[in-house]
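Since the structure comes first, as structure tokens, the remarks are kept for the end.
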Amino acid sequence: MDVLIAAALAVMQPHMLLIVLLGVTAGLFVGALPGLTATMALALMLPFTFAMDALEGLVALGAVYMGTIYGGAFTAILINTPGTPSSIATTFDGHPMAKQGRALEAISIATIASVVGGVVGVTFLLLAAPPLAQLALKFGPSEMFWVAILGLTLIGSLATGSVLKGLLGGAIGLIIGTIGISPIGGETRFTFGWVPLQAGISLIVALIGLFVIPELLSMMRQGRAAIDTTTGLGDGGFRFGTALRTVFAKPVNLIRSCVVGQIIAIIPGAGGSITSLVAYNEAKRGSDDPDSFGKGNPEGLVASESSNNVMVAGSMVPLLTLGIPGAPPDAVILGVMLLHGLRPGLDLFAETGVLANGFIMSMGLAALMLIPVGLLGGRLIYQVIMRTPHYFLVPTILVITMLGTYALRNNLVDVALMLGLGVVGFGIRGLGLDAAPIVLGLILGTIAEQGYVQTILGGMAMDIPQLRLLENTLSQILIVLTVAVIGWTAWPKSRRRKD
Amino acid sequence: MRVRLNTELLGGLFGMALAAIFYFNRGNVGFLSAVFPNTVLAILGVLSAVLILRGLIAGEPTTLSLEGTGSVLFGIAVMALWWIGIKYVGFVTTSVPLFAALALVMKRRAGPLAPRDYLIALAVALVVVGGFFWVFTEVLGIRPFRAPLL
């Protein structure tokens, strides 16, 4: 309890509140710009945290994350273009409401649902993370190896259209992660005669390169034209009271959406757009009037926005307990933790409890700040997103990425690697290879390698030391889960093909 | 213009090429450093081979639009020039003209450019590049690029 009080006091400092406010506002603007994802927003904000201490940096990124996911709802409602992939389901009913002249009411509903989702996610994280971190202590090298493989399989299967391509992406990430010094043997590998590669490929460099640069090249290719601005905000006002009653009028829908969001969020790698789409689908299935979905039913809007904001804190559960990002933006937060020498797991809560709990509480604060920032800044954001020309947006982001990547280690080689990875990432995107499994492979490479090599060392007396990986019950459960994930995602496709 | 690509075959070939590059650059490292990458390389090879086979047997070509490829190539060239300029000339001196050039090329796709557009692009480039450079070097304390000019 003392730790929780100390954490609450730490995040209630005026400068922390200011960081949360600025983070939510910045996230809101970035999230409201179509094409800029939450991962990109966090990667862009990353260099600004270098001058901060660990808690300030994490609080800033948590606030940006919360703001970005909520900000995606603005364009989804106003111009039928999801600002972030997690707002796809928001367009289904949010935009029809805007077309009916209820844009501001839809924004109010999205705001309240987002706040509820955010607070629910943070509460769960606060309660569940320490015991889950305790449970993570039972994981030895073999189990950690299989957890890494399960995480890779999940994101490989769910984030891309093809299981095989997803797994291939994960394997590519794993092999890229072996560049540099071996974590167990200590020898230098795969430097291709280039000395700077001895330090390996920085996670942040790969994140910025693989997530931001392909988006920029994609914007250049599309030469995105001006977006449809005919809808406007409507003249009905925010109708905050009506919106409040609408959100809580169907408590089952709200609770179900939060539960769905929470369950999906704690599965490593499964977050993002999937959460809101599943919650929307469940809301439609459970509604008395499913035919009105897609025509401006606020229930759909509540389901989408509450679930995707539950996901923000929910996806931190695997990150903070096992070091496995629940969703791609969490990888950036992991990067900041590693930069400050913080390792996820029980030690994070036992030795730096104020920091870990303070970070979690700050996300709750960020969720609450969505109300003033979203409602007061709503009109301004609308004007900004309507007037920001993409031809200035792209070079501006390029400037930030160049400076940010250089600032990591004051090294221009990192900038070259970031640009190179970005161009490759853009090319392979055309082949259906997604960046998310590659980055997750890079993140999980060290965990997987340590688990793999340590387990094999323990089994050297066996004829095939690798068999040691299959020995204990927990490992076997994880193997079954991994196989089940592959089967579950591959099976319906083969059946569909037969049909 | 549109092209039809067998993305499974090409994805598999990409994976196989990558596996080959890493395989032939394994070097002479001990068991502890080699056992994991060797296993990953084997998995990478198998997954690539399966994708290639699937592409050859049952691959369905995906239609990809080539519209805007020129802009992408221009963008890649700008990035390369940007990096070379930062290294050998200076960050601000390189970034301002390239920022403006990129913005103008992208804007031109929407219609012809007026003289005013050049001035606006230059002004925005100066403000954005100068502003961020100032924030990073003076506020965040990041050491400036080591280049002859600013």
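Each residue, glycine too, has its Cβ placed from N, Cα and C.
TrEMBL: automatically predicted annotations, no manual curation.
Source: prediction; values computed, not measured.
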Candidate ranges A:295-318, A:319-342 [criterion: TrEMBL lists as transmembrane segment]: A:319-342
Segment-level pLDDT (mean, integer) for the domain 'DUF112' (A:17-440): 83
Intrachain neighbours beyond the transmembrane segment (A:439-461), with Cβ under 8 angstroms and 6 or more residues off its ends: 140-149, 151-152, 155-156, 169-178, 182-185, 201, 203, 206-207, 210-211, 269, 323-325, 328, 331, 334, 467-469
Region pair the transmembrane segment (A:144-160) / the transmembrane segment (A:17-46), three or more CB pairs under 8 Å: no
Seg_contact(the transmembrane segment (A:106-132), the transmembrane segment (A:17-46)) with at least 3 CB pairs under 8 angstroms, min sep 6: no
